Amino acid sequence: MQKYILVRLFNIVATLFVISTLTFFLMKQLPGSPFDEEKLAALPDEVRTQIYDQYGLNAPVWHQYVNYLGNLLKGDMGLSFYYQDRPVSNIIVDRIGPSALLGIQALIIGTAVGLILGLIAAFKHNSMWDYITMLIAVLGISIPNFVFAALLQYFVGLKWGVLPIAYWESYQSTILPTIALAIGVVAVVARFTRNEMLEVLGQDYIMTAKAKGLSSRNIIIHHAVRNAMIPVLTVLGPVVVSLITGSLVIEQVFSIPGIGSLFVESIKVNDYSMIMGVTLLFSVLFVFMVLIIDLLYGLIDPRIRLAGGKEG
Amino acid sequence: MSIEKVEINDESFQPVLSDPSDKEALSGKELVGWRNSWRRLKKNKGAFVSLFVLAFIVLLAIFGPHMNSYTYYQTDYSVSFQPPSSEHWLGTDKFGRDQWTRIWEGTRISLYIALLAAVLDLIIGVMFGAISGVFGGKVDLVLQRIIDILVGIPNLIVVILLILFMKPGIVTISVAMVITGWVNMARLVRSQIFKLKTQEYVMASQALGANVFRIIFKHFIPNSMSLILVNLMFTIPSAIFTEAFLSFIGLGLQEPLASLGVLINDGFHAMQSHYYLLIFPSIVIVALMVCFNLLADGLRDAVDPKMKD
Amino acid sequence: MKKGLVVSFLLIVCLVLSACNSFSSKDASSGSGTEGTSGGSKKSDDTLNLYFDNDIPDLNPIKTTDSISFSVLGNVMEGLYRLDENNKPVPAMAKSVKVSDDGLTYTFTLRDGIKWSNGEPVTAQDFVDGWLLGMNPQTSGSYRFILTDYIVNGEEYTNGKVKADKVGVEAPDDKTFIVHIKKPTPYFLGLTTFEKYYPVNKAFFEKNKDDFGQSPDKLLYNGPYVLTDFNPASGVTLKKNDQYWDKANVNIPNIDIKVIKEASTALNLYNGGQLDYVNLSSEDVNNYKDKPEFGTQTNFRSYYVQFNLGDSVLKNKSLRQALQLSYDPSTLEKVILNNGSKAASGLIPPGMEGVDGKSFRDLQGDVIKPDVAKAKDLWKEGIKELGKTPKLQLLVSDDTVEKDTATFLQSQWKKNLGIDVELVTKPYSGRLDTMRAGDYQMAISAWGADYNDPMTYMDLWVSPATPFRGSFSNKEYDQLIKDAKSQSDDTKRMNELLKTEQILLKDEAVLAPLYYQGQAYLQNPKVKGLVFHPWGNPWDYKYATMD
C-alpha cells in the first residue's frame, strides 16, 4: 500500500506538471492580451508591441513558460495583470477565505440534510416521503442555484428583513449564500444515498445480519450506510473542490469577495498569471481529493484493491 | 424474487458448460427478465404516469410551436413584455416574441441536448469507467490521470479556443460537451466496479473463463445500472445549462433560436418585473426532470434483479 | 496506513480552518457588529452609500486603465483643473492659467495652501514628476498615449529617444508649471482634469514603488476625499480630506462604495435602504419610471455598426447604405434598451462641445434618418451591382446588451430588407481580434470619449486604413482632420469636423449609428448633487449633499 501511495504521489506531481503546461500553452492561444480593452485595441501595432515588451509578452511562449516554471519553483506565482502588479498569491489568499467558509458550510449542511432525506426515502420506498425527497432533489438540480439565491435574497433579505441582503460583513451574511449553495449538495447526496441504500438493503449480507438478530440500527450503520458511501464519496469529491474554489454566480448575487469570480474573470481579461494561479489551486485540490477518495474506498470496503486488478 | 416465478424444468439441471458453444443458453433467460421488467414497470404508477407526461411534452415540443400563428423569431416591438393573455398564452419577451412558441421550440433543442448528453455519458463515460475499473493497476492509473488532466485544464479556455476554430451550432456544442461531460460517470462506474469485482459471482464467472468484455456487459454494467441511471439524472440538467452558457458566449445556438436553458437565463434577468419569463420555462424543465427521475426509478426497480416486488 | 490517512485528513481540516479563522478575525476587526445587521439598520446618517458594478482593480494613478479606478482617483486626488457640476473645467490645484497666442504654451500658477494628505505642499515639481512618470515606459501603463499625444517630445521620451529634460514640462518655481504642447488644442484644459494629468509626490512614490496605490497607506491624496479602506473585490470607503483646499465646499463626511456586480442585488439593497443610488436594468425601468427618484443620464459613449469595406460584399456602398437606413434606432431606444440611452442619428454624442456654446450635435442635426423605402431601392441596386444575393454576418461580443442590439438589427433587416443576417458571437477579446484581422463583415462596436471634443472620435478613422476601423481611407477626410488639428480659428475647425462626420456616415456609410449610451437610475431623494461626468473621471462626489 505504501508503495501505491508513493506511486500516486509521483503521479500527482506529473499530472500537475502536465496540467500547468497544457494550460499555459492553451492560454497563450486565447485571443487578445491582458491589455485588450477598447482604448488599447485601437492603438497602432507598434505601441501595443512596446507594451507587450514591457511585460515580456513578446518572447517565445516556451521561453515565457520556462520563466514561469522557474519562478513557480521559487514560490513566486507572478503579478496579476488585471489587479495591476498585485502578487497572484496574495490575491488568492485574500479571496479564498470567504469561498472556503461558504463551501465547507454548504458541504456539511448539504451532506447532513441529504443523507437524512436519502435514508428516509430509502426506508419509506415509494411512499409520500420518497416522492417529496425526490421532488426536492429534482428542484435542486433542475433549477440553477442563482435562481434560489435571488429568491432567498428577495424574500428573506428584503421582504422579511431577517438576514442581510448581501455583503460579507458578519456571520449572518454567510447564511443565505450557504443555503443557496447547499441545495445542490442536498440533491446529489439524497439521490445517491437513496439509490445505494435501496441497493444495499436488498443484499444478502444485510439479510444475514438481520437473520443473525442484529438490531436495525446496527445494520444500517455498520453495513448499509458504509457501503452506500462509495458512490456518494465519488460524486462528492469534485463537488467539494468546486465548493471550496467558489461559485461565480452565488458570490455575485450576494456580493461576496470570494475566489469564484477569479476563475472566469481572469480568463475573460487574459490575466495570464492569475489564470495559472487559479488553475494550479484547483488542480492541486482536485488531484489530492481524488487520491483521498481512492484511499477511502479501501477503508470503507477493505476488499477493494486499487493497486492492481489481478492480485485482487 | 418470489417462488412462483422461478421456472424449474429439466433444462435447469443440464451441465452448464457441457458444450462451450452453449454459453448463449445462459442468456436465453434474459428475455424473460426483460419481459418481467416491462411488467414491473407497468405496475409502478409513478413511472407509468411520467411516461405519459413525457410523451405529452414531446408532443407539445413537436406541435406546440404550430398551435398559434406566431413563429419563434417573429418580433413585434409594440407588445414587448406582455404578461400571459389570450393573445400570447405565456406572454412575450423583450422583443415581443411569443413565449409559448419559444418555449416549445426551446424544449426541442433542450431535449436534443439531453439525449446527446445521455448518449455521450453512456458511451464514453461508462466504457471509460468500466475499463479503468476492470483492469485496475497501471491501466487505471493512466486513465484516471487523463481524467485529472481534463478536469484540471480550465474548461472555459478550451471552449473559447473552440469558438475561434469552429462554427457555432449543435455540432460545436457536442464537441464542447464531449471534452468533460462524461467524467463523473466514468469515476462512478469505476468505483462501482471496484466494489463488484470482489463479489463471488464475478470471480465465478472469471473462473469459468468468461472474457473481460463479457464480464463487463453481463455483470458489471447491469449491476451498476441503477447508479448509471441516477447519475444520468444529474448529467442531463447540467448539460442543458451548460448549453445555455455555451450559447451565451457564442459557441452554441445563435439568436433568434433559444433553448430552455437560454430562456431561463434570460428570464432570470427579468424576474423582478416579469416573473412569467422565468416561471414557465422552469416549469417545463422541472416537469421534464421529475418525469425522467420517476421513470428512471421505475426502470431501476424493474431492471434490478435483486428488487423484491 | 489508516493512521496516515487520518493524519493527512486532519491536516487538511486544520489548514482550511486556519484559513477561515484568519478571515473571520479580519472580518471582526473591520468593526461591523454582529447584531442587527439585517434590514437597513447599518446605515448611518453621515455616510453616502454607493456601489460600482465591477471590481476596483487598482488605484495606481500612473498606471491604471480602468474607468472605475478613474472614478475613485478623481475623488481622492485632483489635477490642475477639475470638472464642475456642468462638466466645465474650472481651476483646482491651479489658480489661473495663461495661454500663449499660438495656443502652444500653457503657464499655470498653482493655488496657495494646497497640500498632500501627509501635510507636504503640492508643488509644480510634483506635476512635472507625475507627468513624466506617466510617460515613462517603466512606470506607466498603456494609457500613456493621453499624455504623449499632446506634450512636446512625449512620444520621443517614451521611446527612449530623448531625456526627461527635453520633454515639454517645466517647473521654474514651486508655484509655476509650464507645459508645451504640440498643436493648438482647444480642449487641453479639459484634459488636465483627467486622472493621468495628476501630480505625484516622487519621494513617496520611490519609497512605495512596488505596491504604490495598492492600499490606503500607499497613496497620497490631494483631492476632496481620502481613502480609508480599499479591497478590490469588495469596495472602498472614503473620508473627507481635511487638508483639501476647498474643504468648506465638501459636504458629505463619509462615503462607502461597495462592489456589486449583480443588478438585481443592487436594486434589492436600494429598496432595503442600504444604497442611495442604483442603476436600473432595462427590464426594471417600466416599474419605476413614474417614481420621483427615477432619472436618466448619458455619457459620451456611442454605439455603432462598423462595416468592413475590405469585405467582398460590403465594399458595395449601396448595400451599406441600405443596411444603415433600414432600422429605426428610436425603437431600439424605447423598447430594447429602455435605460436612458438615446437613439443615435450620428456618431458624436449629444452634449459634446461644438463651438460658441453650441453642442456639436445641435450644429450638425441628424445625419442618418431611417428610410425603409429608400433602403429597399438601395438594396436592389446593390444586389444588381454585386450580381448575387449576399450572405451577411454580424459580429457581436458576448454581452447581454450588445446581443439584444444585434437581435434587434437582425429582426429589422429581416422585416425591412427580407434578409437573414447571421449573428456571430465572440468573447470580447475575440471580437477585437477578429476585427483586427479584418475577418468580419460588420460588427457592433463602440467608442467612449477621452475628452470633450469631437476629435476624440474623428481621429479614429484617419489613414492609414486598418481593418479594425473597417479599412476606411479617404483623402478628403484625412485633409479635413489635418487642417482641423492645426486650425486656430475654432469656428472653421468645427466646420471641418462637422464635414468629417458627414463623410464618414452619409457619403461613405462606413458606420451605422445605433445609440448614445445612457443609464436609468433611482436616487435617494435626500441626496443631491451627485455628479456623473460623461467623460474623464466619471463619478464626482465633491458636490454631493445629503439632507
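Backbone N, Cα and C atoms are what each Cβ position is placed from, and that goes for glycine too.
What TrEMBL records for A:96-297 is domain 'ABC transmembrane type-1'.
Note on the transmembrane segment (A:7-27): residues 61, 64-65, 68-69, 72, 267, 272, 275-276, 279-280, 283-284, 287-288, 291, 294 of its chain, located 6 or more positions outside it, place their CB under 8 angstroms from a CB of the stretch. Taken from TrEMBL, the feature transmembrane segment covers A:7-27 (among others).
According to TrEMBL, the feature transmembrane segment maps to A:100-123 (among others).
Proximity of distant same-chain residues to the transmembrane segment (A:135-155), defined by a Cβ-Cβ separation under 8 Å and at least 6 residues beyond the stretch ends, is recorded for 117, 165-166, 176-177, 179-181, 183-184, 186-188, 190-191, 247, 249-250, 252-254. The transmembrane segment annotation in TrEMBL covers A:135-155 (among others).
Feature annotation from TrEMBL assigns transmembrane segment to A:175-193 (among others). Long-range contacts of the transmembrane segment (A:175-193) within the same chain, counting only residues at least 6 positions beyond its ends with a Cβ under 8 Å from a Cβ of the stretch, are 102-103, 105-107, 109-111, 113-115, 117-119, 121-122, 133-134, 136-141, 145-146, 148-149, 152-153, 156-157, 163-164, 228, 231-232, 235-236, 239, 243, 247, 250-251, 253-254, 256.
Residues or ranges marked as transmembrane segment by TrEMBL: A:232-254 (among others).
Non-local neighbours of the transmembrane segment (A:274-300) in the same chain are 1, 5, 8-9, 12, 15-16, 19-20, 23-24, 27, 68, 77-78, 80-83, 88-89, 91-92, 96, 226-227, 229-230, 233-234, 237-238, 240-241, 244-245, 259, 262-263, 266-267, 306; each lies 6+ residues outside the stretch with a CB under 8 Å from one of its CB atoms. According to TrEMBL, the feature transmembrane segment maps to A:274-300 (among others).
If one looks beyond the transmembrane segment (A:100-123) by at least 6 residues along the same chain, the residues whose Cβ comes under 8 Å of a Cβ in the stretch are 129-130, 133-134, 136-137, 174, 177-179, 181-194, 197-198, 201, 220, 225, 236, 239-240, 243-246, 250, 256, 258.
Here the transmembrane segment (A:232-254) has long-range neighbours at 95-96, 98-100, 102-104, 106-107, 111, 144-146, 149-150, 153, 166-168, 173, 176-177, 180-181, 184-185, 188-189, 192-193, 196, 260-264, 278, 281-282, 285-286, 289-290, 292-293, 296-297, 300, meaning same-chain residues at least 6 beyond its ends whose C-beta is under 8 angstroms from one of its own.
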